[in-house]
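Note sheet for the following structure.
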Amino acid sequence: MAFSGVYSNLVLYLMRDWGESSAAAANDLTNLLGTLFFTTLFGAFLGDAYWGRFWTVIIFQLMFAAGSVLVSVAATMQQHHGSTAANKAFLMAALYITALGSGSYEPAIASLGGDQFNSATEKARYFNWMFVACNVGQLPALTGITYLENRGAWALGFWISSAAVLVSVPIFLVGAPCCRQYRPGGNPLVRIMQVLVAACRKVRFPAETDPKLLYEVPGAYSIIPGCLKIQHRPKLRWLDKAATVTEDDRIMITKDTKDGEESHNNRTPNVSPWRLCTVTQVEEVKGWVGILPILIFGAIAQSIFAQFATLFVEQGALMDGSLGKTRFKIPPGSLQIITIIFSSFGAPIFDYLVVPAYRRWTKNTKGITSLQRMGIGIVSTILTMIVAAVVESRRLHLVHHGHINLSIMWLIPQYAIGGLSMALLMVGQMQFFYTEISESVRSLGICLTLVCRGLGNFISTLLVLIITSITSHRGKRLGWIPHSLDQGHLDYFYWFLASLMSIAFVLYIFYSRQYSYIDQSSLTQLTTPAGDNHELKSFDHP
């Protein structure tokens, strides 16, 4: 609620009260959202590696609360002292504080909630209900708060949002004494660097072709905390050099065996991890490398979702917001409720209706894979932009011929299809990123979906800047996205995005058909029993 209360209508606030152009306001918002979603990686890293998830939530939740209050103060100062440069700098600094706080605690609180459950079914149920709760929490902001803001009460709307996040802090602390938390698992970047360094040190050695001869510790558990062994996959064979046992490595292993030295974490003590890595470590790095193209495709697709709170809102502000014959006018930002509704119900409908029908039709008991789900989501983003382009073309036709403004209700289809595509793409991304990396860094895997959204917002900003510069001939003409959209061609920009996504979809199909999944049959979700030394008491700092 607090997040949507600040960000859902922000583009109109920057245009109306701060005099920004359409492109500048859209870029300011997408830069903020990009920062917010990109910092999820920062929060997940700190929670998994150093601070622990509980303290990560506390620290960044307080930062988000402080930033929200500062935004409210900036809006109040603007009402009384005008839109000065100092006030603008103060506002933007406050907004970036909220972006850092909100983005950093989101993956930590999601993972902390999952830690409270043992079985995979309970965890899945928790994540589903958390997704629904987050969407429901946005409804008051997209109705009541945006209504107040659209009538000029920006400071009041921001203060209500600040109150919501301030109330959430003590509510979270009430459950803290019963909260299960675990010690940080260590820095995954070190393990990645160890594999890369070990592979480079053996660049002159041929990679071992027999997977059984690659180095691995005995037993079912790997040397990575909280992670079972990952089976070898015949791809990126040059990384296998890190697990290839040379003659020098064999001498050290034999020496340790004769000396009877005890190993640490099942590793032979005198074999440096910067020289010889296990198969599981190598496969962990292969997982990160393999998901990078999917991350890029996902970010391009997420750039479409950046339009929902920017250009779609600006488009709606120029349309007739009257609800029938009443005097009530629909705030343009409130139409994002349609996206929330369709994204909330789209995922369960897809799972309970579409997937079973697909299984019966194809006789495939596995159903639809995460890559297939994402592919359907990408197709939906293409349809979203096609519908948006057609509607905007019709709106401009009416404006240029002196007719009344088109009803804002015509934006519902593009918001609805966009909501379905968001549900398909984001759920598919979460499923893919969660399962295709090692168990010890699955919090980072969860946050990669939000990182995609962050990159998508930056891509949107870049595309708007490039298209505006090219079509306006560096300010000599109005271009496609001028200050007044009635004088531009926003529909051309929407057609451009649809074409870009079509090209990305073709490349996505080519890569996804070549992708090799991790063998999930060799993995099990580890559960640390109460009282184990991996578990901390509620308020203990790691």
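Including glycine, each Cβ sits where the backbone N, Cα and C put it.
Note: TrEMBL annotation is automatic and uncurated.
Same-chain residues lying 6 or more positions outside the transmembrane segment (29-47) and placing a CB less than 8 Å from one of its CB atoms are 7, 10-11, 14, 53, 56-57, 60, 95-96, 98-100, 102-108, 111-112, 184, 188, 306, 309-310, 443-444, 446-448, 450-458, 460-461, 464. TrEMBL lists 29-47 (among others) with the feature transmembrane segment.
Note on the transmembrane segment (54-77): residues 2, 6, 13, 43, 46-47, 87, 90-91, 93-102, 104-105, 108-109, 112, 154-155, 158-159, 161-162, 165-166, 168-169, 172, 176, 179, 181, 536, 538, 541-542 of its chain, located 6 or more positions outside it, place their CB under 8 angstroms from a CB of the stretch. Among the features that TrEMBL reports, transmembrane segment is placed at 54-77 (among others).
Under the heading transmembrane segment, TrEMBL lists 89-105 (among others).
Taken from TrEMBL, the feature transmembrane segment applies to 126-148 (among others). Remote same-chain partners of the transmembrane segment (126-148), defined as residues 6 or more beyond its termini with a Cβ less than 8 Å from a stretch Cβ, comprise 1-5, 8-9, 110, 113-114, 116-117, 156-157, 160-161, 331, 333-334, 336-337, 340, 343-344, 347-348, 430.
The transmembrane segment feature in TrEMBL is assigned to 154-174 (among others). Long-range neighbours of the transmembrane segment (154-174) within the same chain, counting only residues 6 or more positions beyond its ends whose Cβ lies under 8 Å from a Cβ of the stretch, are 1-3, 5-6, 9, 13, 17, 57-58, 61-62, 64-65, 68-69, 71-72, 75-76, 78-79, 141, 144-146, 148.
Per TrEMBL, the feature transmembrane segment maps to 291-313 (among others).
Among the features that TrEMBL reports, transmembrane segment is placed at 333-354 (among others).
Summarising the annotation, TrEMBL assigns transmembrane segment to 374-391 (among others).
Long-range Cβ contacts of the transmembrane segment (411-434) within its own chain (Cβ-Cβ under 8 Å, at least 6 residues beyond either end) map to 127, 291, 294, 298, 301-302, 304-305, 308, 312, 315-316, 319, 335-336, 338-344, 346-347, 350, 370-374, 376-381, 383-385, 387-388, 391, 442, 445-446, 448-449, 452. Under the heading transmembrane segment, TrEMBL lists 411-434 (among others).
What TrEMBL records for 446-472 (among others) is transmembrane segment.
For 492-511 (among others), the entry in TrEMBL reads transmembrane segment.
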Contact ranking winner - 89-105, 291-313, 374-391, 446-472, 492-511 against the transmembrane segment (333-354), Cβ under 8 Å: 291-313
Maximum Cβ pairs under 8 Å to the transmembrane segment (291-313) - stretch from the list 89-105, 374-391, 446-472, 492-511: 446-472
Leading contact stretch, 89-105, 374-391, 492-511 vs the transmembrane segment (446-472) - CB distance under 8 Å: 492-511
Long-range neighbours of the transmembrane segment (374-391), counting only residues six or more past its ends (CB under 8 A): 294, 297-298, 301, 304-305, 307, 312, 315, 368, 406, 410-411, 413-414, 417-418, 420-426, 428-429, 432, 491-492, 494-495, 497-498, 501-502, 504-505, 508-509, 512
